[in-house]
Amino acid sequence: MAAGGRLLLLFLLPWLVTASHSPPGCKIRITSKGLDLVKQEGLRFVEQELQNITVSDLHGKEGQFHYNISQVKVMDLQLALSDLHFQPQQHLVFNINNASISLRFRRQLLYWFFYDIGSINASADGVHIHTVLQLAKDEAGRLKISNITCNASIARMHAGFSGTLRKVYEFLSTFIVTGMRFLLSQQICPSLEHASLVLLNSVLDTVPVRNYVDEHIGIDYSLLRDPAVSTDTLDLDFKGMFFPRVRENQELENHAVEPVIKETERMVYVAFSEYFFDSAMHSYFQAGVLAIELQGEKVPKDLEVLLRATFFGTIFMLSPTVDAPLRLVLQVSAPPRCIIKPSGTSVSVSAFLNISLVPPGHPAVQLSSMAMETKLSARVYLQGKALRVQLDLRRFRIYSKQSALESLALFSLQAPLKTLLQLTIMPIINERTKKGVQIPLPEGMDFTKEVVTNHAGFLTVGADLHFSKELREVIEKYRPAPTAAARPSSEPTAPSMEPPQL
């Protein structure tokens with residue numbers, strides 16, 4: 001029995017692994033080229049954060065020499081040698097090497113009976129910062145920086161003294177310079193930790209996770225799992241499922257092919273499976289909006305004449321309702337299906353068309369109920385951050401749900417009804433899809449030079465990135481309110497007589 005149980009487990013193991021891995025409806029890959037662009041914008045942000053470093057006052061005594069250093073201000077930074085790269089499994093590594101920081105601070109010095117005040121210019125050289133950011137999925141399914149490790153060091157520091165007591169300053173400058181070096185190095189990492197865990201995460205909060213698309217449907221862009229990071233790429237698997245607002249907790253099982261992105265030439269790739277589009281159409285169907293009614297003057301005149309001629313015998317027998325207005329009700333009978341092939345994308349739609357007379361003051365009289373099968377070609381394209389679809393009628397067939405004889409009689413309606421769809425119905429549908437749906441990117445970041453490529457069961461959009469807004473602008477817009485935990489609660493203790501030797 002034990003051996004049989006192990007054998008059964010071996011057979012079931014592949015199925016269990018597959019079942020535990022939910023395929024994404026949408027996948028995004030950021031490549032090293034995209035990371036280079038992020039580095040340029042991120043470096044400006046780091047410079048701005050380091051310029052706002054707050055250094056506590058430094059004071060001390062050495063014999064008859066008393067000193068007090070205050071109002072320390074960063075004047076300039078040179079961060080020429082920097083690097084941002086991927087580190088498996090879930091990390092980004094940000095390095096700054098051999099940077100320099102220029103400072104200015106106020107001095108108050110007392111030596112015997114000599115008292116001196118003024119400002120001092122100093123420079124910290126050989127600044128090295130090593131930061132590792134851990135990326136993860138939070139409880140809401142949003143990408144976040146979950147942890148940061150940081151190490152900072154300053155190789156040397158120099159202060160320029162002038163004035164009557166210059167020789168004295170230079171003799172005792174070791175106490176001042178070493179103390180300032182200690183305080184400055186202790187403030188770099190807390191500043192970057194706050195910038196990452198609070199400010200950059202506020203930018204990631206702008207990525208849509210579960211939003212309404214319109215008054216009928218919404219979309220779930222929650223991450224299915226933590227990001228997968230290789231040496232060259234960062235892959236994000238999103239649920240990519242639309243839902244009807246009338247049934248927000250409804251789940252549509254994903255049986256589509258999982259998108260596979262192999263390319264790395266562009267900055268970013270976004271892949272969508274058939275499930276992504278099927279769930280949208282299924283949601284609209286569940287919301288009951290895939291129906292259009294035309295009555296009276298809204299029915300094209302040529303089509304009305306043809307319909308009255310086709311059903312003349314029936315209409316004549318219904319006299320005196322011959323002049324009653326016609327009503328056409330076109331309703332999708334099942335959720336449309338999307339088919340993505342290397343040759344293109346299409347949508348199959350099954351519907352029925354009811355044709356009735358609506359005599360004033362009398363019940364409607366149904367003339368015919370015909371089934372329709374259509375195939376629409378779909379052009380998927382990206383504009384800004386909106387994924388849009390342009391539909392066009394490719395194939396169309398109608399037949400009677402009642403008899404083969406009536407299907408033959410309806411053959412003459414094939415062309416005019418197709419024209420009705422092309423001129424009247426398709427513009428209404430395309431107007432609804434014109435707005436599109438937003439791709440899950442942070443605010444201020446957009447796509448350029450988009451190229452759509454079809455595969456078997458999914459399509460990919462390769463694009464480059466650009467910042468339409470500066471990172472600082474987005475951060476200031478969504479900056480969280482200050483809290484006690486936003487920055488370190490206590491400043492490092494300032495050294496006085498004997499600062500630690502670094």
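Cβ atoms here come from the backbone N, Cα and C positions, even for glycine.
For the ranges 47-70, 479-502, the feature annotated in TrEMBL as region 'Disordered' maps to 479-502.
When you check TrEMBL, the disulphide partner of Cys150 from the set Cys26, Cys189 turns out to be Cys189. The Cβ of Cys189 (disulfide bond) lies under 8 Å from the Cβ of Ile129, Thr131, Cys150, Asn151, Ala152, each of these being in the same chain and 6 or more residues away along the sequence.
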